[in-house]
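Undergrad: Please see the structure below; I have some questions.
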Amino acid sequence: MPNLFINTCVDVREAINCARMNQYDSITTSLVFPGFDREYEDKSLAKKHQIFSRPDIVMSSKMWLGYVIAAVSDDIDCESENPEIRIASEKKLKQEIEFAEHVVQHGIIYVRLKSGNNVNLARIISTYSKCEQIEDLMEHFEIMGGDLFSGVILIEVPMVDPNAVAQQWRSDVGEDDSASGEDTWLWWNRFRLQSDFNGKHRLSLVLSADIPSQDEILRWLGEPVDYLVVSSDIFIQNKANYPVLSLAHQDVISQFIRKTKAKFIVKANPNDGNLRYYAEYLRHLQEKFHEVDPMDGFDDLIEIPLQPLFDNLDTYTYEIFEKDPVKYVYYQRAIEAALIDKIPDAEKSTKTAILMVLGAGRGPLVRSSLNAATNTGRKVRIYVIEKNQNIRNTLEALWREMWPRDTVQLIFSDMRDFSTEEKADIIVSELLGSFGDNELSPECLDGAQVHLKPDGISIPSSYTSHIEPIMSSKLYNQVRLVTKTEDQNMQLRGKSKVMETTYVVYMKNVYHIADEPKPLFTFHHPNRDKVINNNRYGRVSFTTKLDSVLHGFAGYFDTVLYKDIVLSIHPMTHTNGLSSWFSMFIPISDECWQDV
C-alpha cells in the first residue's frame, strides 16, 4: 500500500489511523510541532524551544518504526547566503535528525532537495548517516555508533525542475529568458558525490504534470529509487469520475515498478474526498505492472563468477543450470543439425558418429545428444568426460539405469588430459561464462581439440563478448561491500583488488550510458592456428547520451552453437527464456564523470 505524506500533523496517532482507514500503510510527516519556530540564543537553542516535538511515548516504538517516515522541516535552508539563517538551519537539521534517530531508529528520514545547491546539506546529513562500509567496520571491531543514523535517508528530488514549469506560465518571461530549467538529476548527483555514494541514501522521485524525456527516465532507472511521489493535483477524472493518471504517467510508473520495484508516496490533503481512491488506484497500477519474473530475488545481486576448473560445482549449482528452459533445447537442435551434416541419410544405418561431451556435469548435454540421435535416426557413440568426482555416483547411476550402456562411455578426467583410441566427429560443451571467455573457454576447449577429427565440429563453434558503459549506484556500492564476506581486513588495505574483480549480475537497476553494447573479443572452435594464442586486447569507444557517472561496464556474449543456431545474452538479441547466464559487471576503482 502507498504512504501518505501529511504536511502538518497535530496528532500523529490519529493521522496514522486516518491513513490506514484510507488504504495507506504509513505516513510521512514532520516530527516538529506545526507552526513551531525555534529561536536560537547565540549558539544554544533557547530553553523554551528545546521541546519542539511530541513525546515519543504517544506511540510504541514499533508504531514509530512501522508507520512513520520522519520528514525534515521544509523551512530548513542550509545553503542560505544569510549566515544567521544558515547556522540556525544547520542546528535545526541536526536536532531533527538526532530526534528522528531516537524515535525511528533503523527507519527512514525524509529530506527534500530544493535545488542543486545542496553541498552543505549533504555534508551535514553525511556526518549523521552511517554508510555501509562504516557500519560493517563498526560491527567487525565492535565500535559503538554514537549519534550516527543507521536507517535510510530518503532524498526527495523532482523529476522536472519546478522553476522551469512555473516559468512556462509566466507572461513576464520572454522566450529568450525562459530557461528550460536545471537538470534535476544534477541536484541528486551533487548530493551523492558529497556523501561518497552512501548506499543508505535513497531516492524519492516526484512525478509532476510535466514528464521528462525517455532518456532522462532511463537515467533515473539507474539510480536507487525507492519511492515515486504522486501529488493529488496530477490525477484526472475518468468517465466514472474516479481519479486516474494519464497514459503517459502510467508508462513512467510502469518502468519504475518493473526496474526498481518503486513504491508510492501520495501528497494530498488528509480531508481530500478522493484519498482512498488514490491509494486503491496506485495499488491497482502496482498489480497491473508487476511482472512475474522467474529470476525475481536475484535482481542486482552481485555474485562471484564460477571457477569450475578450480572448484568443483555443487549439486545446487548444477540443478539451477539444468532448470534453464531454453539452453538444452538449442543445444539439441545444434547437435541434430551437426549429425545430419556428418552422416547423410544414405549412411545413417551403417555409420556411427563419435560425440564427446566435455564437462558433462550431471548429464543434461548427454540427454540432448541422445535425443538428437533418436530424432535424426543417427547412430552415435558418446564419450562423457567430467573431472568432478563428486558427481561420479550420479553419472554412473544414469549410465546404469537410463542411458544405453553400449552407446555411452564415462571418463572421469580433466578434458585436457584424457585419452581415447578414436577421435570425435562432434565435441559438445557448455563451458562459457557471462563474458563468453571468462570461465573455461577457450583454454580448455583448445586443449581438448586434439581429440577432434580434422573435419570435426565443435558445439559451440564461436562466441563473441560485448561490452558497454553503465551507471549503477546500487552495484557500485555492493562491490565496495564485497570485502565483508571475502576479506574483512581488506577494508583497511584498500579497495583495488575488489574493484578489479568481475561479477555476475542479473541487472535491472542500471542506466546504459551509451546507445548499445559493442563487440570486443571473438573466439572460434576448433582453432586451427599452428600456435594458439588467446591473448586479446581490444579498444572500443562510446558516445554518451546524457551526463552521467561511469561505475563500470556491463559484459555480455552471444554464441553460435552451429550454423544459424545462436544463444545470446546480448540485450538487443537476448534469447527468449534463457536464464543460465546473467550479465557480467566489470567495476572501475573510482567512479568517472561522463558529460555529453
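Glycine too: its Cβ is placed from the backbone N, Cα and C atoms.
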Undergrad: Suppose a student reads TrEMBL and sees Tyr318, Lys327, Tyr328, Asp414, Met415 listed for S-adenosyl-L-methionine. Which of Glu280, Glu287, Glu386 should they find annotated at that same site?
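TA: Site partner of Tyr318, Lys327, Tyr328, Asp414, Met415 for S-adenosyl-L-methionine, according to TrEMBL: Glu386.
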Undergrad: Taking the Cα atoms as reference points, how far is Tyr328 (S-adenosyl-L-methionine binding site) from Glu430 (active site, proton donor/acceptor) in Å?
TA: 10
Undergrad: Measuring Cα to Cα, tell me the gap between Met415 (S-adenosyl-L-methionine binding site) and Glu430 (active site, proton donor/acceptor) in whole angstrom.
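TA: Spelling it out, the Cα of Met415 (S-adenosyl-L-methionine binding site) and the Cα of Glu430 (active site, proton donor/acceptor) are 13 Å apart.
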